[in-house]
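One structure is given here, and the rest of the page talks about it.
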Amino acid sequence: MAQTPVKVTVTGAAGQIGYALLFRIASGQLLGADVPVTLSLLEIPQAVKAAEGTAMELDDCAFPLLRGIEVTDDPNTAFNGVNVALLVGARPRSKGMERGDLLQANGGIFGPQGKAINDNAADDVRVLVVGNPANTNALIAQQNAPDVPAERFTAMTRLDHNRALSQLAAKLQVPVAEIKKMTIWGNHSATQYPDLFHAEVGGKVAAELVDETWLRDTFIPTVAKRGAAIIEARGASSAASAANAAIDHVFDWVNGTDWTSAAIPSDGSYGVPEGLISSFPVASRGGRWEIVQGLEIDAFSREKIDATVAELEEERSAVRELGLI
Ligand SMILES: NC(=O)C1=CN([C@@H]2O[C@H](COP(=O)(O)OP(=O)(O)OC[C@H]3O[C@@H](n4cnc5c(N)ncnc54)[C@H](O)[C@@H]3O)[C@@H](O)[C@H]2O)C=CC1
Ligand SMILES: O=C([O-])CC(=O)C(=O)O
């Protein structure tokens with residue numbers, strides 16, 4: 001029997017990440033090489049024409065797995081029956097904009113999108129928020145979707161995870177595939193904590209294979225500030241690598257993995273207050289993320305985790321005060 005296509009909705013579809021992401025979804029890399037998909041491209045009215053242009057190009061690829069494309073500026077249409085929602089479109093910080101203004105502007109996007117997901121999505125919907133500030137935008141969407149299980153709302157720290165793998169592989173001159181158990185904790189921001197005390201290379205603890213100064217003064221800031229370094233070098237923010245990380249996140253969520261990093265709602269593990277959407281070491285089993293349990297947290301890591309979690313708490317308080325959640 002022919003398989004029913006999975007509906008994948010991408011917001012901000014006419015943006016840079018959208019352009020790097022849509023073709024890979026349509027080619028089968030998001031869900032698997034045997035899973036047909038339909039795509040819904042959500043944009044603001046001014047960018048619908050550009051998204052239609054991307055849809056024309058998608059048509060022109062004649063992807064065997066792509067069973068339909070819609071382009072719309074209506075969230076209720078875009079999320080109608082959606083199985084996988086990739087929330088990429090967001091309001092970037094502009095010059096002179098205060099953090100409260102940024103959160104308010106994004107509340108105006110992620111609140112209504114959360115509600116539209118609540119009212120229209122398929123029962124098995126999975127949501128990945130990429131648009132910044134990703135963790136708190138995910139919280140806003142989740143809190144506006146009370147009928148959807150809270151655990152279905154996640155935010156992307158997989159790009160940070162991949163950056164950490166790549167930096168460590170280069171330092172140790174080993175292939176990326178030899179590194180296991182990498183973890184990003186906390187917020188997708190400069191406070192994030194890339195943890196080498198649980199990462200392993202050839203069965204050895206990564207933190208013991210590098211000197212402490214490099215770990216503290218080079219590795220952590222390089223990973224945490226890589227987004228800014230890309231903007232500085234490219235004159236535009238990470239797009240292909242962000243799209244790649246979104247593909248990795250959803251593929252592993254659906255198909256399973258023993259260990260990666262994802263920002264998911266906290267159940268209180270590792271002292272992270274319940275409900276915060278924070279990055280953890282996670283496994284995916286049976287289509288659900290689980291926080292890896294039982295890790296010893298040393299004093300250095302505790303301080304770093306507490307700092308990034310404190311930032312998430314501040315963001316949650318700010319959006320509460322603004323009445324966004
Ligand atoms: N979590 C992560 O690791 C990363 C997150 N990002 C974030 O991803 C977001 C998107 O980045 P780019 O694609 O480079 O930006 P972009 O500016 O090229 O594209 C954003 C698109 O979103 C659209 N948009 C704005 N409001 C919308 C709404 N209400 N509904 C639907 N579409 C809407 C815009 O029209 C635009 O086409 C940014 O917030 C960026 O900071 C970027 C890289 C990594
Ligand atoms: O800062 C940005 O807009 C891009 C970003 O999140 C990243 O590259 O990690």
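Counting starts with 1 at the first residue shown.
Even glycines carry a Cβ here, placed using N, Cα and C.
Record features, source TrEMBL:
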- 6-147: domain 'Lactate/malate dehydrogenase N-terminal' (DOMAIN)
- G12, A13, A14, G15, Q16, I17, G18, N106, Q113, V130, G131, N132: NAD(+) binding site (BINDING)
- R93, R99, N132, R163: substrate binding site (BINDING)
- 157-317: domain 'Lactate/malate dehydrogenase C-terminal' (DOMAIN)
- H188: active site, proton acceptor (ACT_SITE)
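Projection of TrEMBL feature records onto the structure.
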residue: G12; record: NAD(+) binding site; DSSP (3 states): coil
residue: G18; record: NAD(+) binding site; DSSP (3 states): helix
residue: R99; record: substrate binding site; DSSP (3 states): helix
residue: Q113; record: NAD(+) binding site; DSSP (3 states): helix
residue: G131; record: NAD(+) binding site; DSSP (3 states): coil
residue: R163; record: substrate binding site; DSSP (3 states): helix
residue: H188; record: active site, proton acceptor; DSSP (3 states): coil
Hey, how far is the residue listed as 'active site, proton acceptor' from N132 (substrate binding site), Cα to Cα, in Å?
8
Rank aside, I only need the closest one: which of the binding-site residues R93, R99, N132, R163 has its C-alpha nearest to that of Q16 (NAD(+) binding site)?
N132
Cβ-Cβ neighbours of A14 (NAD(+) binding site) (radius 10 Å):
24
Hey, how far is G131 (NAD(+) binding site) from R93 (substrate binding site), Cα to Cα, in Å?
11
Nearest by CA distance to R99 (substrate binding site): which of the binding-site residues is it, out of G12, A14, G18?
G12
Could you list the residues of the same chain, at least six apart in sequence, whose Cβ is under 8 A from the Cβ of R163 (substrate binding site)?
P194, T222, V223, R226, S241
Per-residue Cβ crowding (10 Å cut-off), top of recorded positions R93, H188:
H188
Taking ligand 2 as the reference, state which of the binding-site residues G12, Q16, R99, N132, R163 have a Cβ closer than 6 Å to one of its atoms.
N132
Work out how many Å separate G18 (NAD(+) binding site) and N132 (substrate binding site) at their Cα atoms, rounded off.
14
Please name the residue among the binding-site residues Q16, Q113, N132 whose C-beta has the most neighbouring C-beta atoms within 10 angstroms.
Q113
Using a Cβ cut-off under 8 Å and a sequence separation of 6 or more, which residues in the same chain sit near G12 (NAD(+) binding site)?
G18, L42, E43, L87, V88, G89, A90, G131
Greatest inter-residue Cα distance in Å for the substrate-binding set R93, R99, N132, R163:
26
Stretch-averaged pLDDT - the domain 'Lactate/malate dehydrogenase N-terminal' (6-147):
96
